[in-house]
């Protein structure tokens, strides 16, 4: 028998066994045996009889069939030279699709927590020794302190340091986002490679990996620098899966070496994000579904060891999160807590399969807690999500679809750390947390598509439109359906990328999609406030306050706008309310601004004695606040304490030497102390720096009057206040 005919015959036998629902492990054993027979150039009389029988069954009227009786309906076998070009085209297509997020490399704004994680964080800026960095959480806080979220991601922080170093310590977001996009493209290609390794259909592998590459929820991972942690952990996850190569036959030493390498990749992934450790559980599930379930034990032992080590480093997993971030944990009824968390799981499922309306934040009250259990209609969403997963798992078990089960495990296992069922995480729902889960969703999609291709080829082999009895074909999934999904995801991904082009557009869109989200309303108000669109900003801040009255930061921002618009009495009432027990959002890092602005409002109300103490309290926490020092000096001067006032003005000049208001006030203080020449120079300089301020022009006029008359003017020299936002 010719070599080419023998190869076709081997492929034909494998295809018949696959269509007959032969267990995958047994099928692979047959494939290995046939490969060995080809390598040894063995010829079998039984194989020749089998080939002759298939030739007789071929229809004689088909000339093409007479020439190529086997090639008419056999699918292309994976891994052959003829399919390499198709896989290269698929890889190119997936790479092009992943570029849907590429426009973000030009975005110059910093978003939300990026400033705390990658800019103001001394660890990320390279100002912290490596030994100290390894003792800090993702935000630069010591793991031994009380103020930490226990988010231990040193490799992500070091990636920021490395990029800043390569960029000559130029702190710009564009190079960091370029790395994010490149990392996402690499993950998409690794996913495609994993599908090829598992011998899935080329076209469905391309479509599934393409859906992963353009999935709209991945905008947070490609654009938002905090989302890099999930991408880096997933990169290690995919490498570990590729290294292990489930089902391959290797000697014991090779298996041991691969186990060690997988362990190293799992630890590296876990140092990027907690979910990275879970690849060990994923590979354990792969082995449990195979013919050697006891091979899962090493992975489980390594996982337990790694998890215990991380808990030792972080000194436990419990962390305190505010009511606004995770309100569910504060509910007293455990059943309602559980039901609400399950509703959030249903929201994750919806975002995975139908990501229509997205948001950077789902905290209070974007997704309201369940107020009741079975009476709440949202329980239906829980039932749909959980029953769908159970139905898919049951169907896969009944069809012995091991690839589907492995993909489903890859959805569930990395989701467990984000589920809030075993320990609390810092977000209610986070789109970026779906990143490793969507790897599993893509594997499920590719596996179902491969089964659909198997059905098509088997039906063509029989000249019929149905599968043989007992076949595992998947008739509800076709390529046109997946193409439509890919097209919709691509469009939504492009739209979401464009929404991230500015904070105004991002927060405005999300506030429209989730109007009950207090944090989104607050952030949108902050953007409008910086643009000095005071009335619009006040509207959104007041809406956020109406949703949750306990947010001190929102009330503080309202107070700032009231100060800037001349409504000092209303501002003082807001600051007093915050200080009376509504200071949620304030801590040691920003409490200074509240005290100083409260004192500033009292100065505007001419309550000078009451103003001194809160301003001094704020300056004790942060002295580098020139407008606060100026307000303190203003209060002292109005109380007749000229030396104290002059000292406050001079200290403010240390931090802002070219400030016209401070020049004027120091000049007035010196004039009132009898230092006429020096005082006149300061007042004149102030009028030169800011010629449009009426108070400066008034003081210059009085100086001229003094020079002309030689007498002290009857009108008073004027001190002036100015205001800069504390945060």
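From the backbone N, Cα and C atoms, a Cβ is placed for every residue, glycine too.
As recorded in TrEMBL, the features of this protein are as follows:
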- 86-108: transmembrane segment (TRANSMEM)
- 206-226: transmembrane segment (TRANSMEM)
- 232-248: transmembrane segment (TRANSMEM)
- 260-284: transmembrane segment (TRANSMEM)
- 296-313: transmembrane segment (TRANSMEM)
- 316-388: domain 'DUF1736' (DOMAIN)
- 334-357: transmembrane segment (TRANSMEM)
- 377-397: transmembrane segment (TRANSMEM)
- 404-427: transmembrane segment (TRANSMEM)
- 473-494: transmembrane segment (TRANSMEM)
- 626-659: repeat 'TPR' (REPEAT)
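By the Cβ criterion (distance under 8 Å, sequence gap of 6 or more), the transmembrane segment (404-427) is counted as touching the transmembrane segment (377-397), at least 3 such pairs being found.
Tertiary neighbourhood of the transmembrane segment (232-248): same-chain residues 24-25, 28, 155-156, 159, 183, 186-187, 190-191, 193-194, 197-198, 258, 261-262, 265-266, 268-270, 272-273, 275-276, 278-279, 282-283, 286-287, 290, 406, 414, 435-436, 439, selected by CB-CB distance under 8 Å and a gap of 6+ residues from either end. Between the transmembrane segment (377-397) and the stretches 86-108, 206-226, 334-357, 473-494, Cβ pairs under 8 Å are most numerous for 334-357. Note on the transmembrane segment (334-357): residues 215-217, 328, 367, 369-373, 376, 378-379, 381-382, 384-386, 388-389, 411, 415, 418-421, 428-429, 431, 433-434, 437-438, 441, 489, 492, 513-514 of its chain, located 6 or more positions outside it, place their CB under 8 angstroms from a CB of the stretch.
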